[in-house]
Amino acid sequence: MTKIKIVVIVGPTAVGKTALGISLAKAFNGEIISGDSQQVYRQLDIGTAKATQEEQEAAVHHLIDIREVTESYSAYDFVQDAQKAISDIVSRGKLPIIVGGTGLYLQSLLEGYHLGGQVDQEAVKAYRNELEQLDDHDLYERLQVNNITIEQVNRRRAIRALELAQFADELENAETAYEPLIIGLNDDRQVIYDRINQRVNRMLENGLLEEAKWLYEHYPTVQASRGIGYKELFPYFVGEMTLAEASDQLKQNTRRFAKRQLTWFRNRMAVSFTAITAPDYPQVVHDRVRDFLGQKEKS
């Protein structure tokens, strides 16, 4: 089977994945698929660092603004949506470029793991029932015991991750239809942390507070409201924190999130990282994509 070539850009938040994705889309006749669990939600633009209108006009983007904030979204949903988007992009002779930071989503798409026929389905059902009886605290303790880190934790995703860990020896690795080139972006920790702090400042200047307040007033308990960028500001709205304290909390949580992202990509995906401050960036990335596609450099 001839596999479909796709480019996947990963790295910590604020590292510049969107800008690189647009650059590659322009250079290699590509379209972008968002691999971010929060960018699927309509009306949540600033806190999710969604591509701006100008950026969306520079390159076609898929899987953003496809859910209402009241709806849930999972790795399973992402795989189904991403597969459809890839098929659509390829059918028009273009290159799919996945840009994202939600490691579980990307791994699910690229590796195609599922609990197949060799697994005792009654055992799976019994284990799932056991997990569903746990409260949130005990469930997340199970995650820690199994050394599982998942982003934007919710119960369904936690239970799924624990199932995969419990029956890892019996997993079937479904043959995927894709041949990915995984491009990792990173740099020195302080460079990334400075970019995160600057991004949070820009978000607040551009209206994040108003966006978060709208979410807090209308849908404070939905899955989308638990995303980094929103929940940190909720204490400010009820007088438990000053705006400066909430802003600092948001920066700190985002830095921790970036660290978890890097840990995930290093441990779970075959990726080599390129420093965004390197003198030959992004040319080195363009060269890698060109080689991957078997294209010659234009003279």
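Using N, Cα and C of the backbone, Cβ positions are placed for all residues, glycine too.
So that you can see what the record holds, here are the features copied from Swiss-Prot:
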type    : residues                               : note
BINDING : G11, P12, T13, A14, V15, G16, K17, T18 : ATP binding site
BINDING : T13, A14, V15, G16, K17, T18           : substrate binding site
REGION  : 36-39                                  : region 'Interaction with substrate tRNA'
SITE    : T102                                   : site 'Interaction with substrate tRNA'
SITE    : R128                                   : site 'Interaction with substrate tRNA'
Chain-mates of G11, P12, T13, A14, V15, G16, K17, T18 with C-beta within 8 Å of site centroid, ATP: G101, L185, R195
From binding-site residues T13, A14, V15, G16, K17, the one whose Cα lies nearest T102 (site 'Interaction with substrate tRNA'): T13
Cβ atoms near K17 (ATP binding site) (within 10 Å, other residues, all chains): 26
Other same-chain residues whose Cβ falls within 8 Å of the Cβ centroid of T13, A14, V15, G16, K17, T18, the recorded substrate site, in sequence order: G11, P12, A19, A49, G101, L185, R195
K17 (ATP binding site) - helix vs strand vs coil (DSSP): helix
Between G11 (ATP binding site) and R128 (site 'Interaction with substrate tRNA'), the C-alpha gap once rounded to whole angstrom: 32
Summary of DSSP states over the region 'Interaction with substrate tRNA' (36-39), given as helix, strand and coil counts: 0 helix, 0 strand, 4 coil
For V15 (ATP binding site), the number of other Cβ atoms found within 10 Å of its own Cβ: 25
Spatial neighbours, same chain, of P12 (ATP binding site) - Cβ under 8 Å, 6+ residues apart: G101, L185, N186, I192, F257, A258, K259, Q261, L262
Cβ neighbour count within 10 Å of T102 (site 'Interaction with substrate tRNA'): 22
Spatial separation of R128 (site 'Interaction with substrate tRNA') from T13 (ATP binding site) - C-alpha basis, Å: 32
Entry from the binding-site residues list G11, G16 having the most other CB atoms no farther than 10 A: G11
Residues satisfying Cβ distance under 8 Å from R128 (site 'Interaction with substrate tRNA'), sequence separation of at least 6: I159, E163
